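Per Swiss-Prot, these features apply:
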- 157-220: DNA-binding region (DNA_BIND)
- 31-40: compositional bias 'Gly residues' (COMPBIAS)
- 1-40: region 'Disordered' (REGION)
- 100-160: region 'Disordered' (REGION)
- MET209: site 'Required for DNA-binding' (SITE)
Amino acid sequence: MNFEDQEEDMEMSGVNPPCGYDSLSGEGATSSGGGGVGRSKGVGAKIRYRECLKNHAVNIGGHAVDGCCEFMPSGEDGTLDALKCAACGCHRNFHRKETESIGGRAHRVPTYYNRPPQPHQPPGYLHLTSPAAPYRPPAASGDEEDTSNPSSSGGTTKRFRTKFTAEQKEKMLAFAERLGWRIQKHDDVAVEQFCAETGVRRQVLKIWMHNNKNSLGKKP
């Protein structure tokens, strides 16, 4: 599912996006940086995009999220890929928006467009709703999920789990610590060489570093 399809889903649900909605053209109230962090224009506030709230079971009247904990842009600022999460493949507006003011207090911006509208039922009837899917934490350090883009038909996202050998995990850990758990532009040559030597794709390495930097990364 591309960005246009995702925005059409929000329109078809009959609910307007929350304030601060960022369109594909990039004309929004905020601008984002790497790691789901941005700064609002004209206001000294930092913006973060936290867990993904997209409802993948809206077509069957249920509620299920993918477990992505924080937005991570797939591309550089100013590109369409910058609005797409590299971890879950969803548009940035599906992630919970959190604004941190100068004083350091976080303000959560509510998101309304992820839960499907409930059909009206006359009083006196038992109202049944589908149970929410249990929270699924990010993949452990031994395995990593490489998420493909959702199909245009709106079906469930396919996930392919990548298995790493002990040698690959050891090399990725050492390489991630050397880069400071973040791939920057000047690291492209080293990353390409590392991927060629280990057989791990760049995108898989990037997602692995994102999911494991808090659990495996050295404390400052």
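Any Cβ shown, glycine's included, is placed from N, Cα and C.
Note that the structure is a prediction, hence the values are computed from the model and not measured.
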If you average the pLDDT over the DNA-binding region (157-220), what number do you get?
84
Measure from the Cβ of MET209 (site 'Required for DNA-binding') and count the other Cβ atoms within 10 Å, all protein chains considered.
23
